[in-house]
Amino acid sequence: MAKIKKTAVGVKGRIKDDRLSLVAAGVAFYAFLSLFPALATVISIYGLLADAQTVQSHVERLGGIVPDEVLAVISSRMEDLATTPDSSLTFGFVFGIIISLWSANKAMKAVSAALNIAYDMEEDRGFLKVNAVTLLLTLTSAIVFIVAIAVIVIVPALVSTFLSHQAAATFTTLTSWVIFILLLVGMFLVLYRFAPARKRRQAWRNLLPGAALATGLFVIASLAFSFYVSNYGEYDAQYGALGAVVVLMLWLFIGAFIFLLGAEVNAECNQPEVRRAAQR
């Protein structure tokens, strides 16, 4: 208990010293700018595996995890992208996905810079190495998102052949949540390990506390924020047509802050190893 209290006090100090709210706001801003290029990347890859025009109904199954306003913005844009003729997806796939990845990469570079702050690292990687790492992580994130959607779609179809409708619905909900959480933990672990500038990689087990905490807090915060916006939020009345955009920005900020909080927890729990990793 004393160790937990000491860690909490240390994390609180790190949040203040690193100005985590300001850093998270910057990450959220770049995430917002990169969101639609990232969706274009997802649609391009998705179009090679299935009918891209079905993606909207698939994404809508994420309802409940994210606020309805956020889901509406994402679904609308993905629907527009999905109407791109198949010939365009095939002919311009390589060039299009490179452009989309490069644009979406801004958010991942912001994540990398923010993690450097959390881990007290100085960026010493060259231009090519930084972009190679962040582009690979951006592509990995897109693939994870596609896998998550595919699982949410495929699981109900498989389960419904063996169970009754009610039992299948319950099993599907539980399974989808478990898989979503596992994928989120895995993605956080990958980002915590490979995004920062460090010569010595931290052991996976040392990154798990922050990843697990960030995942749990993100799920709870996202559900709570979704409930608040649906029942008490008056963003449309205050911001008019920009209400959904404001909700999206706030949701991205909450996610960025929690993600960086997990990194701060890892940095506080593993101070000796973090210092060794920072040695030049």
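Every residue, even glycine, has its Cβ placed from backbone N, Cα and C.
Summarising the annotation, TrEMBL assigns transmembrane segment to 20-49 (among others).
For 87-105 (among others), the entry in TrEMBL reads transmembrane segment.
Marked as transmembrane segment by TrEMBL: 126-154 (among others).
Per TrEMBL, transmembrane segment is recorded for 174-195 (among others). Listed by sequence, the residues of this chain that lie at least six past the ends of the transmembrane segment (174-195) yet keep a Cβ under 8 A from its Cβ atoms are 61, 65, 108, 111-112, 115, 133-134, 137, 140-141, 144, 147-148, 151-152, 155, 159, 201-202, 204, 207-208, 210-212, 214-215, 218-219, 259, 262-263, 266.
What TrEMBL records for 207-229 (among others) is transmembrane segment. The list of residues near the transmembrane segment (207-229) in space but at least 6 beyond its ends in sequence, with Cβ under 8 angstroms from a Cβ of it, reads 64-69, 181, 184-185, 188-189, 192-193, 235, 247, 250-251, 254-255, 258-259, 261-266, 269.
Feature annotation from TrEMBL assigns transmembrane segment to 241-261 (among others).
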Excluding the flanking five residues on each side, which residues at least 6 beyond the ends of the transmembrane segment (241-261) place their CB within less than 8 Å of a CB in that stretch?
11, 15, 20-21, 23-25, 27-29, 31-32, 35, 66-67, 69-70, 72-73, 111, 114-115, 118, 188, 191, 210, 213-214, 217-218, 221-222, 225, 229, 233, 235
